[in-house]
Amino acid sequence: MKTQRHGPSLGRWSLVLLLLGLVMPLAIVAQVLSYQEAVLRALDGINQRSSDANLYRLLDLDPRPTMDGDPDTPKPVSFTVKETVCPRTTQKSPQDCDFKEDGLVKRCVGTVILNQARDSFDISCDKDNRRFARLGNFFRKAKEKIGRGLKKIGQKIKDFWGNLVPRTES
C-alpha cells in the first residue's frame, strides 16, 4: 500500500517537471529579437547618444544577411536613417515622427546581438554620400561617351581630308 500512496505523487511531480521542461525553451525563445527589432533598438541607442538636434528614423533596412542561429553572436547590419522633425528631447517614438524635408541622411553599418537580455550593438553612422557617388559615375560615363564620340569625329575629319588630297596614280 505504501507504494501506491507515493505513486500518484511521483506522477504529479513528473508531470510538473515535464511541463516546466516545455515552458522553459519558450521563455528562452521569447528573448530573441528579430533582425528588424534589433536594428530599431540600436537606432534608439543611436538617437539617445546623438548630439544632433532631431531624432533619426529608419529609412531603409538592407536585406538580412544569412546568419547562424546563435542569438549571442554579433550579426552584421546595414541600414539608412533620415532626420525627422521631432527634437531629440521629445517622448515620441521616431516611427511616429515625419521625415524632415531635406533632412540629413546617414548610412549606418555595424553589428547587433539578437539576444534581448544582452541588448548589445556596435553601429557607426556617417553622412550618406551614395548620391554623390552615383553623380560621379554619371559624369565618368558621360566623359567616356563624349570621348568616344570625339574620337569618331576626329577619324571622320581625317578621312575627309585624306580623300580631298588628289591621289597620284602610279
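Any Cβ shown, glycine's included, is placed from N, Cα and C.
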Disulphide partner cysteine [Swiss-Prot] for Cys125, chosen from Cys97, Cys108: Cys108
Range among 46-58, 111-123, 137-149, 150-162 that Swiss-Prot annotates as region 'Active core': 150-162
For Cys108 (disulfide bond): intrachain residues, at least 6 apart, with Cβ closer than 8 Å: Leu43, Ile46, Val77, Ser78, Phe79, Thr80, Val81, Ile123, Ser124, Cys125, Asp126
Fewest-neighbour residue among disulfide-bonded residues, criterion Cβ within 10 Å, set Cys86, Cys97: Cys97
Neighbouring C-beta atoms (10 Å sphere around the C-beta of Cys125 (disulfide bond)): 19
Secondary structure composition of the region 'Active core' (150-162) [DSSP: H/G/I, E/B, coil]: 13 helix, 0 strand, 0 coil
Structural state of Cys97 (disulfide bond), classified by DSSP into three states: coil
